[in-house]
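Annotated domain 'Glutamine amidotransferase type-1' per Swiss-Prot: 5-213, in sequence order. Look at Swiss-Prot and you will find Cys86 tagged as active site, nucleophile, backed by a curator's inference. Taken from Swiss-Prot, the feature active site covers His186, Glu188, and the record attributes it to a curator's inference.
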Amino acid sequence: MKPRACVVVYPGSNCDRDAYHALEINGFEPSYVGLDDKLDDYELIILPGGFSYGDYLRPGAVAAREKIAFEIAKAAERGKLIMGICNGFQILIEMGLLKGALLQNSSGKFICKWVDLIVENNDTPFTNAFEKGEKIRIPIAHGFGRYVKIDDVNVVLRYVKDVNGSDERIAGVLNESGNVFGLMPHPERAVEELIGGEDGKKVFQSILNYLKR
């Protein structure tokens, strides 16, 4: 039986279809969920990229106060896997499920390009299919992706070169319990060679490995 996964769709989400497709071709049974839905039936919850509520106030700030946020927090407490990609990462930060802050890129510009990353930690549900120290290539697309380290964090991914001014070139972090992962790069956009590369596939393969252990 395929693990059930869901993609939370906010007003302004624009990577929900990419996330759904990545799940579908990597062994999951995906569903879209809305802001009034329950999350009890899912083993993996993805908060996708985009511009939820137009990034008003701050990116992710309004979405973090939606009704679905209670369901996400409850799922996190129960140990379910949650992955926030780009705007989804911003939402998890705003909810307090991940440490730190995400501010405007140091360049003041929106950055959209493929970047090189280093897998700093492969002992996670999201990266166990990688080798520690493995160099991978995944695209980014954000204007507010500069990670500010407020406390000690479990760094999972790091940019090889500084791309947005993030502290210590941090690209992705994990919560203390190990079940909530936030990252600015888009693994769902790197699952097929046809569209530029498939290093992102290993993220979904890692989750599958973990759920089927």
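Backbone N, Cα and C atoms are what each Cβ position is placed from, and that goes for glycine too.
Remember, predicted model here, so these are calculated numbers, not experimental data.
Around His186 (active site), a 10 Å sphere centred on its CB holds 24 further CB atoms from the protein chains shown.
The DSSP secondary structure for Glu188 (active site) is helix. All protein chains shown were included, and the count of other CB atoms within 10 Å of the CB of Cys86 (active site, nucleophile) stands at 29. A distance of 11 Å separates the Cα atom of the residue listed as 'active site, nucleophile' from that of Glu188 (active site). Mean pLDDT across the domain 'Glutamine amidotransferase type-1' (5-213) comes to 97 in this model.
For Glu188 (active site), the same-chain residues lying six or more positions away in sequence with a CB closer than 8 A to its CB are Cys15, Asp18, Ala19, His21, Ala22, Pro48, Ile85, Gly200. Secondary structure at Cys86 (active site, nucleophile), as computed by DSSP, is coil.
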